């Protein structure tokens, strides 16, 4: 992958997005963003109460993330983003902006492609049981394990024509990182 580019590490909560994304950014020397850090307080409160987010909750968040990625890519900085990006529409917003969503009052909803073909989606996938078990062990996160089923219900795994790879979270962290680095060659 020629720089600048974007590596989107996606999957349901508990799939290891943040851990894998941070490791890859470190190995590649790229900037790392964890999308969870950019949720509005309202979204955090809603999830903390066990209420799943809907498209209206997610779209402004995704448009803001697109703007951050666009700024970095435009300045020549390659980026790793850890983000659930459960639906194709969400991944499209991250890559191309929000022109296919209802208009907003600000200018960030304009379509501005990030990196053309330099947008690789890494889908970290695993069984509900495995990931639910991980969530039960996790402490200090605003996303309760009870919301996992709602994420699996709306998940649209990447498929052609998206530029993607699926990686099982049954593998160890070194194996996952090696598979992604190989895909970037």
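Every residue gets a Cβ built from N, Cα and C, even glycine.
The feature ATP binding site is assigned by Swiss-Prot to 11, 12, 13, 14, 15, 16, 17, 18.
Taking the centre of the Cβ atoms of 11, 12, 13, 14, 15, 16, 17, 18 as the ATP site, the nearby residues of that chain (Cβ within 8 Å, site residues left out) are 82, 84, 124, 131, 169. Here the binding-site residues are 13, 15, 18; the one with the fewest Cβ atoms within 10 Å of its Cβ is 18. The local packing around residue 14 (ATP binding site), expressed as other Cβ atoms within 10 Å of its Cβ over all shown chains, amounts to 23. All chains included, 26 other C-beta atoms sit within 10 angstroms of the C-beta of residue 11 (ATP binding site).
When Cβ atoms from all protein chains are considered, those within 10 Å of residue 16 (ATP binding site) total 20, not counting its own. There are 26 other CB atoms within 10 A of the CB of residue 12 (ATP binding site), with all protein chains counted.
Same-chain residues at least 6 positions away in sequence with a Cβ under 8 Å from that of residue 17 (ATP binding site) are, in sequence order, 9, 10, 11, 34, 82, 83, 84, 124.
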